[in-house]
Amino acid sequence: MQSKLILASTSPFRKEILSKIQLDFDAISPVCDETPLKNESPINLVTRLAETKANSCGIEDPNYLIIGSDQVCVINEKIVGKPLTREKAVQQLEEASGHKITFYTGLSVFNTTTKQADTICEEFNVYFRQLTRKQIENYVDKEEPFYCAGSFKCEGLGIALFEKLEGKDPNTLIGLPLISLIDMLEKQGLNVL
């Protein structure tokens with residue numbers, strides 16, 4: 001029997017990415033306290049949260065594969081979250097200007113039959129152009145990236161902020177490492193092709 005697929009996320013970006021592989025899935029809101037633990041590294045944080053999200057859906061029935069994902073952005077060795085305000089978005093982009101920032105994306109696939117989770121972390125680097133405050137403000141006013149870690153949307157005008165991108169899968173930057181997910185699903189017996 002083929003496993004049913006659940007995305008433990010309410011993110012429209014993750015739903016859109018997952019729909020690219022043309023498998024039927026349902027999206028469920030995970031129950032997860034996303035507060036970092038004291039002295040927790042970015043990698044440990046995102047893998048812990050991805051696995052917690054995948055395990056938090058309360059599905060006891062066998063034959064489900066539940067996908068959990070979490071992402072943080074690190075600027076100058078400091079974890080930054082979603083800015084939520086214009087002022088904070090401008091501040092984050094000023095800190096990123098001319099620097100490399102790193103996104104860590106945790107991905108977990110929980111198998112409800114075996115009660116086992118396969119969890120990884122994928123890294124993606126973004127090299128920012130040297131930006132003026134005016135360029136940053138123009139970008140923030142046009143795209144309003146208040147609910148995006150790092151204060152940009154790479155799938156939109158945010159691409160103009162970058163000098164180069166470095167990573168295995170560009171989907172990782174948006175929040176769901178699709179190439180790795182396909183490998184993980186196939187390992188669980190769910191073939192995409």
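Note: Cβ is positioned from N, Cα and C throughout, glycine not excepted.
Look at Swiss-Prot and you will find Asp70 tagged as active site, proton acceptor. The annotation site 'Important for substrate specificity' is assigned in Swiss-Prot to Phe13, Gln71, Glu155.
Its Cβ taken as reference, Glu155 (site 'Important for substrate specificity') is surrounded by 15 other Cβ atoms within 10 Å in the chains shown. All protein chains shown were included, and the count of other CB atoms within 10 Å of the CB of Gln71 (site 'Important for substrate specificity') stands at 29. Cα of Glu155 (site 'Important for substrate specificity') to Cα of Phe13 (site 'Important for substrate specificity'): a distance of 10 Å. Using a 10 Å Cβ-Cβ cutoff, Phe13 (site 'Important for substrate specificity') registers 16 neighbours. Around the residue listed as 'active site, proton acceptor', the same-chain residues six or more apart in sequence whose CB sits under 8 Å from its CB are Glu34, Leu45, Val46, Leu49, Ala50, Lys53, Thr105, Gly106, listed in sequence order. Glu155 (site 'Important for substrate specificity') falls outside any helix or strand according to DSSP and counts as coil. Between the alpha carbons (Cα) of Phe13 (site 'Important for substrate specificity') and Gln71 (site 'Important for substrate specificity') lies a span of roughly 12 Å.
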